[in-house]
Structures are given as structure tokens and as C-alpha cells.
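Asks: Pasting the feature list from TrEMBL:
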DOMAIN    41-134  domain 'Ig-like'
DOMAIN    149-237  domain 'Ig-like'
DOMAIN    242-325  domain 'Ig-like'
DOMAIN    336-409  domain 'Ig-like'
DOMAIN    411-502  domain 'Ig-like'
DOMAIN    509-604  domain 'Fibronectin type-III'
REGION    590-618  region 'Disordered'
DOMAIN    609-702  domain 'Fibronectin type-III'
DOMAIN    707-813  domain 'Fibronectin type-III'
REGION    797-819  region 'Disordered'
DOMAIN    817-908  domain 'Fibronectin type-III'
TRANSMEM  1009-1030  transmembrane segment
Amino acid sequence: EEFDPGTDPELKQYQGKYVCYASNELGTAMSKEAVLKTDVPPSQQKEKTITHRAEQGNSFVLQCDPPQSSMEPIIHWMDMRKWLRHIQLDKRVVVGKDGSLYFAHLTLEDNRNDYTCNVQYLATRTIFAKEPITLIVNPSNSVVRNRRPAMMRPTGSSSVYHALRDDTIELECIVNGLPTPEIKWLKKNGELPESRAKREMFDRRLQLINITESDSGEYQCIAQNSQGKVTHTYMLTVEASPYWKRVPESQIYAPGENVRLDCEAKGTPTPVMSWTINGTPLSATDKEPRRSVTGNTSLILKDVIFGDTAIYQCQASNKHGTILTNTYVYVIELPPQILTEDRKLYQVTEGQSVQMDCETFGSPKPKVIVNLLTSGELQIFDVTHDDKGFYTCSVQNHNLSISSELQVFNKTVIVTPPKDLKVQPGNTAVFTCVEFHDIGLDDPIIQWRKNKKKLFESPSDEKYTFEGPEFMIANVEPEDEGVYTCEVITNLDKADASATLSLYDRPDPPSLLQISDPVQRAVTLSWTPGDNHNSLVQEYVVEFEDQRFREKGWEELQRVKGNQEHALLSLWPYMSYRFRVIAINEVGKSNPSKPSEIHNTPAEAPDNNPEDVRSESSDPNNLVIAWEVYYRNFNGPEFKYKVQWRRVLGSGPKWHESNTTAPPLIVNDVGDFSAFEIKVQAINEVGEGPEPDPVIGYSGEDVPLEAPMDVGIELINSTTIKVSWAAVDRETVRGHLMGYKIYVTRRGSRGHHRGRRSREFESTMIEETGPNDEKKVISNLRPYSHYELAITVFNKKGEGPRSEPMDFETQEGEPGPPTSLILDSPSETNMTLHWTPPAHPNGILIGYLLQYQRSNPMQVEKLDDPTVTHFTLTNLDRHSEYQFYVRGRTNAGDGEPIKMRGATTLDGETPKDVSISVGENLVNVSWVAKKRHKNIGFYIHYKKNDGGKWKTSEKVNYSQSFYQLQGLSPGSHYDLRFIHGNATFQKMTINTSGTEVTEVQQSIVTQGWFISVVSVIVLLVLIMLIFCFIKRSKGGKYSVKDKEDGPMDSEARPMKDETFGEYRFAIFNLTLILWNVLNP
């Protein structure tokens, strides 16, 4: 009977379980149980306004108390001010599953009078706004104390939970404490199923989705702050309502077949299995020996008959529910059929699996050939090329069969997958994905994804660009980080490869610098590292700034490794330090951290004295004491230097002393170059530095007083002398003896008289020696020259007077090489050598030595006349090349040669193998000019072969190797002859390119006589024009006699104008005739 419970206001009477039955001639099917429950809609109760008072730092709970209902409410805590706004939630302020608002600890900002709990029921589409609650937070009278965490919800140390398989369960952990505790969730004796575990409400809730029996166990919430920690344990038991592991299939059967319906279900507790036929339990039907149940899971029907056609129900139940499945058994006789189409084509790529269908129908069920599965499907796993071909499916004992073709293509692969990239922000990231696919397949689609989401080219901002195998991401930002996948999709298969894009950049600066463990001269500086932006910090640089000398800025103090978060810093006394830290990774330096608080070190006496104490005296009669300045380690206030000095001789008198704040200290009137003991000691208000060791310093130097004596010169050879002298008295040096300077001045050559020598350029060489030397060998002098020598002694201040000059002459030496050499070959076997005398004869030339050789031995020509500057060598081999040498000769020997390689010049010859390149009005002629051959001249005679005259080119030189013959006519035939002397050495015929131009006969206008005649005519015309202008200008003036002869005809003046017009017309005609003549 059909009814609508919604029309009856008393719905409670309809609560219960319902089953639907559907019947026809083949049987009755049942639905699963449906449970009907009724509930009263939630209603809002009248409430009073509530005011709560609490102390700052304490925890607190504002109750919501939503109306009772079987529906799950949604809670919103809001204010009631100008705009309805949600109360700001965070780790300190959270909403519990019971709807209450929990404060881990109160702050003064929590004061308000409009905490409103809004309860929303989605099913009834209603929202109830509770009365506003006032919370007054009283300031604490003392310093708010930190508190260790404590559980607020749930209470105690443990709680028990039960849940069903596939449900979602939510564990709650709300704690109080100051500072606000951090929450960590874990599973004892196991790991959290991260793929199904979700943390919400600022880690105060752990949600487990689609739980299974394996999720049973103990879970822990650990809340921790700086004061301690608290742990709550959740014992979770997961049971399951029945669920199917195996259900029987509906089938068609032929009479006489055996039927087995297998039905298996799981659940916790283990479900109870039962069978019904057309909705009637087996126990309520007639007993049938052909029907049996094994293990409550399988129903067996033997030798079925048409009457066994029915709908069989398998049902599984436990305390959590019931499930049911309907199975259709249809007993009938039908002839076999193959339902799958014939000649079906299957296409796969290697490595895939293929299932070739051979669906049959009939009762009894047709039996197919043995290589097919009983279901009528042929499955091939991991297909290879060997599997391609034709397959046949046949029904046994019947003439029924179909065939199918299997085509196998090469597998699509990614040969160059994208690689993981680390890119700096603002740069462009480029992923490359090169694929290979079978040529028999259509071109694939390359799809890029980011975190499994499809990407598309963005023409507006050009963020993503796809160019063939490359995918570019412009202006990379933090939002672009992720996993990028290249998918190559064909119509048969797909290949993919993924890579990660991560940004790396300079690290963020360290923070929270803290100074701890101060000792006399050291502190420990610790810091919290900043974000390294995917690039490990390699090192930290600790810098300091002295607050007393801030103008010096920040200076590096120490470096530590990147895995350290603290540094032990050695400090100087009497310093006011501020520290900062810089992190460095492979990209660069971070910005400096915020400076630390100021740390002052106490004053102490100086640790050490200045270094490099010395005398820098430069002027006579004073002592300048200098040292390296202290720039920082004064160790205390009132810092200065105590400088002491005394003479060395006889240990001197007592120490002289003077205090100064900076070097140098100058002491006057101490004499020239006197030795002093000097020392410098650092002192400050606290005390003195250690006693310094004295050093020796000297007062200012003056130039030496005397020159070296007993100077001697010994000639060793034409270019070398040995000079000796007596050492000077050290007292006359008046300073540190640095050594001696020898001045050697060349006055000229011995071969020139005094007047000529005075015009020669003088050169001076200076040789220095050590302070203990009394002799010196001087080389590289010019032979056969006049020299002058003097010696001085020098110290740091300068040089003393020179010794008396001494003259000496160097011996005659071997001459230098001739200045130039030119080879000239007058014939094929002779060679004339031309040379110029040596620039440095180094003596008196007595002749020259000529040497030449083709191979060993050397041949020599000796010339005894020094004035000869050329010589001809005869009977040389015309086929060989020679090396020629020319040397000057003095009585000291033969000098250095000037040398040159050459060969004689061969007689000239006419060009061989002449090549031509023809244009429209020119021909390029080229040949290979042989080396060593004399240059000869020749001419090119040419003429048109239409009977024209021969023309001759200018003279062509053999050595040119190229000549361009110009002035030819396009499209013409020319005969060429190459002539040397009176002989023709080559002939050829050429055809110029282009179209032949008919030669225009010489115009009459170019003839000289015609030009003369035209010039005379033009002159006469000009004279006539001048005459006409003169007559016309006199036309209005007549003599008395003309007037008396009679009255003037009235037509007279016009007649004259017409006459003049005729003149002009005649001139115009004449000009036109001349124009036509000149331009026919």
C-alpha cells in the first residue's frame, strides 16, 4: 500500500526498518534495509545575559550550549559591533567540537561585551544567535607568570573512541598554558596515515578519513611550551558493518547444469550469512535435495530445471547493520552466438596489455577454443612485437568463429626527461622534454602539468611559453614552485616524466641575537637562522660596531660554519660592542641581522707595545722616532705613548722621556748621524704595557764629505775594464754607507780628431756597488773609444763629491756588421753584392770578408780595400739558392756578418698557360709569373673579325700576372695576338657577351669644317640682331627734311613693327634649322 509519511503529523509512529520488494514472472528482488528516524526540530530557549570575570594570563572557556538535536550543528563565534565579524581564532583562541570558545590564556585584548555564539543547522536551514556574553579580563597585579600546558578538552590523561570502517573520526586536543603550547600528534607503535590524516583548528584537531580496522590503536597529543609538556592518549577501536568480499554473478543456465553461487562478506564483529529465494528464507521453503548451502557462504543448485529460475538473495548482518545482494538465475535453452564483431582491429604499444573480446551467448553457455578464457576474452600481458598478427575465436562443436587483428607499435618514451631546477626569483625556468613515438601513430600531444593540474600557454602575461620540447616559465616567483610533469599523449599510450622547480635565493637575515656567558674577554653570541631559500647556509659572518668609534662602521670579527648557530667571540677591553650576523649561501649574502644589545668590556692596562719602532730621521741634526699606530686596543681611557731615547756610545746618559698620543716624536739638536737607543711603551689610565726592548735608531744623515781616493783603471779587453779605489773614511760618510757610484762617460771614437769627437753624442753609464766593495769590473764598453771615469760615495741623504776624472781609451775591437746588404743579379750566373760600411767599425777598417755557400764548404772572397762597397760573384749555379755573408775587418779580427739568402735572376720568358675571362666590353687576362725570372714586356694586338683594323694594348709587364683589356664591343668576335719583340707567342679568338651594337657612322656634327661653318653663321645672326635693335631704337626720331617731304603714312610704324617681327621669325626658323641639323 502506498503512503506518504509527510502527510501525517505523527511521524514518530513510522520509525523503523523498511524493505522494498519488486516482483515479475522471473522472481522477486529485495532492496536493502532502510531505517526511518524522526526528530524534533531544534528550538531556541530564552537566555539571560551573562558576564564573566577572569584574570590576565589564566585560561578560560565561553560556553555555547547549542539546542539539542540529532543534527550536527556548525558553530560561529562572532561579535555584535558595527559589522558582524568572526572572532579571530589562532593557537591561543580556538573553538571546540562542543561549540565552546577556549582561551589557552587571557590577554587584555580579550576584553569585550559581544561574544556571540551562532548555531547553524544546514538540514533545517536555520541559524540561532545566542545572547552576547561579556568577558572582563582583569590586569594581573604582578608579572604574569608562565604556566606549563594542561588539558582542557578532553580532560584527564586518556580517552576511548569507537568508530566504523570508512567513517571519518576527529580527535580533539585543546590545552591551556603560557606561552601558548605547540601541538604534536603521533600514533604509538606506528605512523600516522599522512595521506588520510588532516590537522585542523591550528593542530588542535586530528581528522582521520576513511578509516579501516588497521587504524585501531593508541594516538597521542603532546602539547609543549617552554615550561613543560602534557600528553593525552586516545584509545581508538575501529569496527566494521558488513561489507562484501565476493558476490555471486547473475547468469543464464541450461537445464541440467550445476550452479554455484558464492557469497562472502567481512565485518567486525563477523557477520551472519543467510540465503533467501524470491525474498523467502530457505528455511521457509520446501526442502529440495538438489539445493544445498556450504559454510553459509555458497548456495549450490544441482541439475537445474526451468523451475529453478528465480532471484536469490544473499544477506550478511552484524550489530552495525545488514547488507543484501540479488542474484538472477535464469534457466533456459538458447542456440550459441558470438556477439563480438568479426575482423575487429586492436592496436596497442609494446609493454601494454590487451584484451581481445569474444563474447558469446547461449544456453548452455558456449565453449570456446582452449587459448581463450572461459569468459570469452583473450588477454595478453606485456605485449611485444612478436604478438602482432591475426587471432581466431571459435565455438566448439559449432561452425561459429570470428577473427581479430592485433597491431603492435613502438612504445612512446621520453628520451630527455625534464630535470629538477633551482632558479632564482625573477629568472626564467626552462624544462626540456624530448619524446620518441612510433611513426605509425599520430603526432602526440605534449601536456604540461603543475602539481597534477593542467597548464596552458598564457599570451597575456607570457608566464608560460611552450616551444616544441621546451616549456618556459618567465619571471619565476615563489608561487611557481612545485612538481612539473611532461605528459606525451598518443592515441594509444602515454608517457610522463616529472621534475621539481624550486627557488633559491639569498638567505634571510638571522634573528633573535642573544649575548650569553660573558667572561673577561669573551662572550657567546647565538642567533636563530633565517629561511635559507633552498640553498644551505655556508657560513655566518659576525660583525661588530664600536659605539665609541661609530664612524669606523661595521667590521668583521669572526666567521663560523653554516651549521652553527652560535659563536664564541674574543673581545678587546674597553670596547662598547654591538653585534650583527650575516648569512652567506651560494647565491650571496643576506641582509645584516638587527643589531644585538650593547655589550661593554672593562678597561685594562695595555697588553703590548707598538710594533716597528724605528728612526725615520731625514734631516741633519734631528731624531725622528716613529712606530705603528694603535687603532683600537687602547684597553682603557687616557691612552698615550711613552717615548724614551738615549745615545748609544758609552751607554749614554739617563733616558730622556716624552709622552705623546700619536707618532712621530721629533728630537732636535742631536747631531748628524748619531746612534740612539729608543723605545716606545703604551700606557693608559689603568696602567702601563710591558717593558719594551730598546732598538737602535740614528739621527738624520747628511751628504758625504769626501770622494774615493787612489782610483785605478785596468784594461781587460776592448770592451771591459776593472776599476779599483780606496775605501773612504766612515766618519766622512755622515750616514749609512750605501755604496759607490762609478760614472763612465764616452767622449767619442779614437779615430776622430778632437773637433769631430766633440760633435759626437756623449753617453754616460753609472755602475753602483755595495758599501764594502773596493773594485768593480765594467763591461759593455765600446771598443776604440775615448772614456772619462769618476767615482762618488753615497748614503741615504745623497752623493758626495766626485773623484778626479780619469781618461782612458779602449782597444781596437772587431767591427759591427755592415749597415745594409742588397743583392743584384746581372745575369743567370752572376750576383753583385752592395753593402754599406758598419755603423760601429770599432777600429780602423782594413777590408771586408765575403762568404757564400750553397752547401758545404763555405766559399770566401777577401777584400783588402776598405773603401770597396760592392763586389760581383761569378760562375754561380743558376738553379741553386745561396746564403751570402759580408763582414768588416780590423786588425782585431773579422766582425759580425750581415747575411741574406738569394739566388741569381733567370732570363725572362713569355707567359705560359694564359687564362682569359670574357665580359661584355672587356677581357681579363691572367698567367702565373715565375719567381727569379727577369721582367719582360709584351703587347696584346686585337681586332674584330669583321674586317676591322688591328689595335694594340699598352705595354704589359710579365711580373703583373694580370691584365684587363678594355674598350671591346658587346656581342662581338675578336682575334687576339700576344707579341714579344717581333714574335707572336700566343693566339686566341674570343666572343664578348651581350648584344652587338651597330656602330653609328660618324655624325656630320662632329666634323671640324661643319663646326666652323655653323660658328660663322651664328656670328652673322648675332650681328644682324644687334643691327635690328639699333634701328628699332631710332624709329621715333626723324629729321626736319623727312617731315617736309610729306605727311607720314599712318601705316608706317606698324610696318616697321611687322618688319621687325619678320626678322624675329626668320631668326627662329634659322635656329630651328640649326637644331635639326645638330640633332638629326
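One-based numbering along the chain as shown.
Placed from the backbone N, Cα and C atoms, the Cβ positions cover glycine too.
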Asks: Contact between the domain 'Ig-like' (242-325) and the domain 'Ig-like' (336-409) is defined here as three or more C-beta pairs under 8 Å separated by at least 6 residues; is that satisfied?
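Replies: When sequence-distant Cβ pairs are counted, the domain 'Ig-like' (242-325) touches the domain 'Ig-like' (336-409), since at least 3 lie under 8 Å.
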Asks: Sort the residues of the domain 'Ig-like' (411-502) into helix, strand and coil with DSSP and give the three counts.
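Replies: Once the DSSP states are binned, the domain 'Ig-like' (411-502) shows 3 helix, 47 strand, 42 coil.
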Asks: Counting each residue once, how many in the domain 'Fibronectin type-III' (509-604) are helix, strand and coil under DSSP?
Replies: 6 helix, 48 strand, 42 coil
Asks: For the domain 'Ig-like' (41-134), name the stretch out of 149-237, 242-325, 411-502, 509-604, 817-908 with the most CB-CB pairs under 8 Å.
Replies: 149-237
Asks: What is the three-state DSSP composition of the domain 'Ig-like' (242-325), stated as helix, strand and coil residue counts?
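Replies: Breakdown, helix to coil: 6 helix, 47 strand, 31 coil.
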